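Asks: I'd like to ask you about the structure that follows.
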């Protein structure tokens, strides 16, 4: 054994050893090398525990741990303890079969079903819908991306082929292979779907339009996606018709070419090559479909657990009554037809054949097949079913005149009649074609009858021929309709090959031979392309390489198809064709010919136990073929009777269908009644053309893998997958890679992992060196061979990496031992220190106890001394007290003294009580007199005001008298009306004069009373003053009150003097007035007589005025009735407004534009008069241009509110309601107009105006003599609610504007790019600084708009909440964002956002800020800190609920599961995931399933959002992403409710309190 193998498999090395069992689900076992291999001996191994592989693979049992065995080094593969997974197998640390299987199993566990192997895409069928992997959103991730820029996906292969076609200007091909049930058909659908949508518009634009296929309504049972195209999308033909026809050709070809097999419910029983032709602009112009090797025998022969083609069952179950009558299917079901009932399976679970039949018909219509052609095609299908029920009997056993041959049984005549009618032929002609055969002799033509068994064969041959020709016709119609007349030549094309994979069953026949022949050709092509790619990689990196030898399967191809030339019978296919041409050749003859001509061929073997079989050694393994039915399956006769039958048909469709390609049959010159064509020759020709076409294209490979035999979810059988990888050529590609340099690493990754192999001094010297130099130094220091250094990577032969890993593990082991020894030493030292400290503490406690004991002894001794002294004192004290008691004089003196003392004490108390009572009475009297004086003073003041009013009235009377005198002197000849007025004035003056005289007397009396009271108050004051002098400092306050009273009295005296002088003046003026009145009376007496006639006329006029007054009263009653009706109408308006509120209208389902344009009251704004419309528009235009503010409220709001209150007084209620209903729409349009031009200051001014209008409209402005109707006030109150608290649309637009400005998604993009990240420090990225500047800009706009602190706080919290939602949603949707470096950047970003929020808004607290960012903070902390700790603790058996408590309470379990599944520690491990994380994933799955009912609070999630992308954990089909992402709609509702509370709290009590300080144009009563 070489030195490298000795190092690779040294003692203690970890290895994989091949399982020696022939059929096992675990092909490789874990082991450790116990003893290295001696010269010529194998390696001694000891098997390890395989229980941890249960989480990855599905296997029944494994060998017991500890079992020892010996194996050759060739059967062993190196193994590392690194459980990281990679997206490209070529980048694995070690590249061999067990490493590939483990990597695929780990990715399959995380629902990562796609994996690269170089340029090959491996797709593992998950057998469950993964909605998050497909659709327009996922297409956006791969749009215009190169291979490797994103995670492995089928879209990436399609995008690579499309870009290569446009860049290289050459044809491309995508080769999809795999066994039945691996998902080839669905993968081909996804490729065609992506290419059909790729050339139109970028997916971001197309997703928002209604054109093109709608993937959001997909329907189906695809294991990869929820379906391809919905029924609504299929009816859309606005886009390129070729795209639609390409997509719609799939269900049509599936109906006629797919069937249920044992392994797959929708298995394609034919090969398909779709060639899409593109123009120079990259648009699909035409397409062509080529099919290969349709399984004809399935029409007439089925196994017990399989079905025939889907179209038969769809027709029987989904045909309409009219179709059933026309196709003779009235009373027939699937079980009534012999071709279908020979199988035990008549239906498929989860598939409705009736619905699929309608889909097939719709696809035929979209392809371009007319209804007439559809009916003719269905007639052929129905005729085949009826022919299968035709049975035959021997003519000799019947009473027929036919002497030989066979006849149709009596019970089968109705089916014969139905088949003949459907084919358009006579019954006798059909019966003759099935029961006879024409023999052409040189001199004559003879007709020979067929035996019943031969007749059955003829019937089945006709059925197979009809179905094959019908299938070819369907393909031809699809190609004809997809062909574009404008397309002449196309250099750009992409071919999609959906072909069967390598097959090896217990019994293999002609079909498997043809299928495996095609796979041999494809494998040869595949090997050449893989080898070329490997050599291109070496050339690109500048590696010195030699030609890599690989297994060439040309010998196997020559064995099957022959070498040609002179030796024509040198292959299996030529020999089979020759046997088909010879009459009466049996399978034994064919097998003998093979042994004779190919017995010495090394690619074939013949077994004595199976004389009728032969074995071919294919690239994927040996396969044994049974020759029993090969000759019959290879024959493809064109029978003369069948051709003549078609010619005699009245159906043109059958003639065209059957006679296509058969023009030379039936010619009179021919000597035979049939022409033989072999299936092998036709297939070989098609295969040759296919390979020729593929050789002219650049291929792209997709290998579909079926993870288990039973199509179960989450079941990964390693042995079964290993076989498919071998069949698909992946293992061969790995072997080719291993023969070169299978292990390759980037320099930085290599240095990061293996720099520990250098000593400390060398590492210190290499700090400034580049990674390439350090890599070479490591490899040379270890004296390793078989490696080369490229431009960006280091390439290593097989075995180098295990040596590096072993040395690294040894160094780590020594380091661990050293760390453990130091740690144990530290533990012992700490224990000794603790013991020493404990000893000191014990000693101190003991000393304390001794001191306490000594102290207690001292206390006891002192107490004893004190007791003794006290005890000795007691007798002496008793004797002294007794002596004193005996002294009687002392006792008498004491009693007398106590008596006098008590007496003096009682008298003093009485004196004090009397003084206190007297002082209290004086105080009460004083306060009462002061109260009476104040009351009297108020009354006197009122009377003085009344006297002043009398003086004003006297002055007014003087003016009236002077005016009367002037009028009398000027108009002496006026009518008697003036005299009558003067009489009235005289009477009124006399009354007022009498009243003034009475009041004057009263005032005089009051003055006397006041003087009396004033003297009394002076006396009271003197008494209070004298009593106050006798009291202490407590009575000084009474002196102050007395001074106040004295001042008031002096004021009262001045007031009385003023009243006296005013009374004197009034008396003088009254005397003068009396003289003037007397003079006026004398002047008026002369004119009284002249006025009598005038009085008569005035009486008549008074009567007329009374009648008019009655009319006015009636009109007033009418107006009151109208007012009552207006109140009822106003109540109706209020009800209508409530019904038109956002909650009643359902704003979540109604478009905002319609709500803005809708008018609540029937009287719309356009029905107002032009003048009022002009006033309204001028108001809005002029008011919104004013950006000034008064007391934090916009001038525009005051302007509009004052005008509305003015209109409420002048306009009718319907007109005013129309104006009110139009204002919200005008304000919203202004906001959107300013938002569209990014004028944020105007936008915030509009918000301030709307909010101010909401509370200005509830309060009346302080205008003099202002009054409006109650209806208008009610309308304004409703308008205030609609423009403020319930203005949902405006606030949603405001929220959208803030979101557009902030664009929080850029924070996650910045974190994903790791901008400003280094291992020593973290710098805030430029994008985060720009985000903070945008936040500060919005805050500045809010402050410039004079928003209240409550509203500003609400807006800031909403911006933080939007940032929190966007960050968490991006983390849950994008795996690349869940790295450690991204989490560190996001954590730094959140801290800066917290700091900004606390500095910019003083009303915010740290608790409120962190609550708004709670989800993002907890997600980042989980990724950075808690996830690793929880995974390790869970690995040691701590319950998961206990670990998650308090660390993920803001997240639900599905979100935690997604974070764990997406997290990759690129900070330490690179783009990898450790084994602890996989264990945590399993624990989360089990916890979610177990606690689905009990932990409802952790499972709670927001209201469902539009379908998006989420990795589902449950097994149901109703998995949605709503339980994963945060709902934006509910967040908007929370913002609206918070803003509503802020508006209620920010409403001032009186917004008009400083109205008198407003500008003059606002205080004006009219605005326009």
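Keep in mind that glycine also has a Cβ here, set from the backbone N, Cα and C atoms.
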Asks: When you get a sec, could you say which of 179-200, 201-222, 223-244 is annotated region 'Disordered' by TrEMBL?
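Replies: Of 179-200, 201-222, 223-244, TrEMBL gives region 'Disordered' for 201-222.
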Asks: Pick from 664-686, 687-709, 710-732, 733-755: which range has region 'Actin-binding' per TrEMBL?
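Replies: In TrEMBL, residues 687-709 carry the label region 'Actin-binding'.
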Asks: Excluding near sequence neighbours, so keeping only residues 6 or more apart in the same chain, what lies with its CB under 8 A of residue 178 (ATP binding site)?
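Replies: Set apart from residue 178 (ATP binding site) by at least 6 residues yet with Cβ under 8 Å, we have 123, 184, 501, 703, 704, 705, 706, 724, 728.
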Asks: If the ATP site is taken as the center of the Cβ atoms of 178, 179, 180, 181, 182, 183, 184, 185, which further residues of that chain fall within 8 Å of it by their Cβ?
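Replies: Near the ATP site, beyond 178, 179, 180, 181, 182, 183, 184, 185, sit 125, 264, 267, 501, 704, 706.
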Asks: Over all shown protein chains, what is the count of other CB atoms within 10 A of the CB belonging to residue 184 (ATP binding site)?
Replies: 27
Asks: Report the mean pLDDT of the predicted model across the coiled coil (940-1020), rounded to a whole number.
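Replies: Across the coiled coil (940-1020), the average pLDDT comes out at 68.
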Asks: Quiz question: given the binding-site residues 180, 185, which has the greatest number of C-beta atoms lying within 10 angstroms of its own C-beta?
Replies: 185
Asks: I'd like the Cβ neighbour count for residue 183 (ATP binding site), meaning other Cβ atoms within 10 Å of its Cβ, all protein chains included.
Replies: 26
Asks: 10 Å Cβ neighbour count around residue 182 (ATP binding site)?
Replies: 25
Asks: What does DSSP give as the helix, strand and coil breakdown of the region 'Actin-binding' (687-709)?
Replies: 9 helix, 8 strand, 6 coil
Asks: State the count of C-beta atoms found within 10 angstroms of the C-beta of residue 181 (ATP binding site), not counting that atom itself.
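Replies: A count of 22.
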